[in-house]
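Features of the protein shown, as given by Swiss-Prot:
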type: REGION; residues: 1-51; note: region 'Disordered'
type: COMPBIAS; residues: 9-34; note: compositional bias 'Low complexity'
type: COMPBIAS; residues: 35-47; note: compositional bias 'Basic residues'
type: DOMAIN; residues: 49-119; note: domain 'H15'
type: REGION; residues: 105-246; note: region 'Disordered'
type: COMPBIAS; residues: 129-189; note: compositional bias 'Basic residues'
type: COMPBIAS; residues: 198-208; note: compositional bias 'Basic residues'
type: COMPBIAS; residues: 224-235; note: compositional bias 'Low complexity'
Amino acid sequence: MATDVTETPAPLVDAAPEAPADAPAAPAADANAAKAKKATAPKKRASPTHLPYAEMVSEAITSLKERTGSSSYAIAKFVEDKHKAKLPPNFRKLLNVQLKKLVAGGKLTKVKNSYKLSSATKPNPKPKAAPKKPKTGAKKPKAAAKPKAKTPAKAKPATKPKPAAKPKAVVKPKTPAKPKAKPAAKAKPKTAGAKPKPLAKKAGRAKAAKTSAKDTPGKKAPAKKAAPSKKAATPVRKAPSRKAKK
């Protein structure tokens, strides 16, 4: 006889999820891509703080003022003394390279082992003289303006002649003429005082007056000239006195 066998089903077990095979390769690919970007990206150089080499070299040559030109050593020393803090450590190597470029570009001329500025790079002194002309033109109007200020000052003295009224003081000398007449008046009292003298003296005076009048006919003797007639009459006075003594 056949027996029935009952099969019991096996319990279901959850299968663990399989990890993707590409998972560990993904981060490695990202790292390689980042490195490639860094390699291709250009490095930014720090901008130099010093002046361009062309300017520094031309400044050194013009300041040194050497007839045969300045050597690379002299140029390097001058630039280092002036721009020492701003220069890179390999400055001398870069300077030699720049000197060769400047000679090739025609900005410098090499004579043996020295360098000179070419005629094209030398500064032209003519532009400096050009700005001087407007200065002189500006000064001329100033000189023209000065006489205008002086002319009113000159006109003021013309008004000053008003004190011409001062000549009134010149009229004062007329008053001294009056005292001249006073001495004549003083002389008259002397003649009045001579009246007590004898009549003989009066007759002598009259004769002397007549003789003086004859000597000067037609001329009227002024009052002042009467005084000398008295002096002429004095000898006549002495003559009668001598006769009286006899």
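Keep in mind that glycine also has a Cβ here, set from the backbone N, Cα and C atoms.
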Secondary structure content, the domain 'H15' (49-119) (per DSSP, counts of residues): 41 helix, 10 strand, 20 coil
Whole-number mean of pLDDT values that fall within the domain 'H15' (49-119): 86
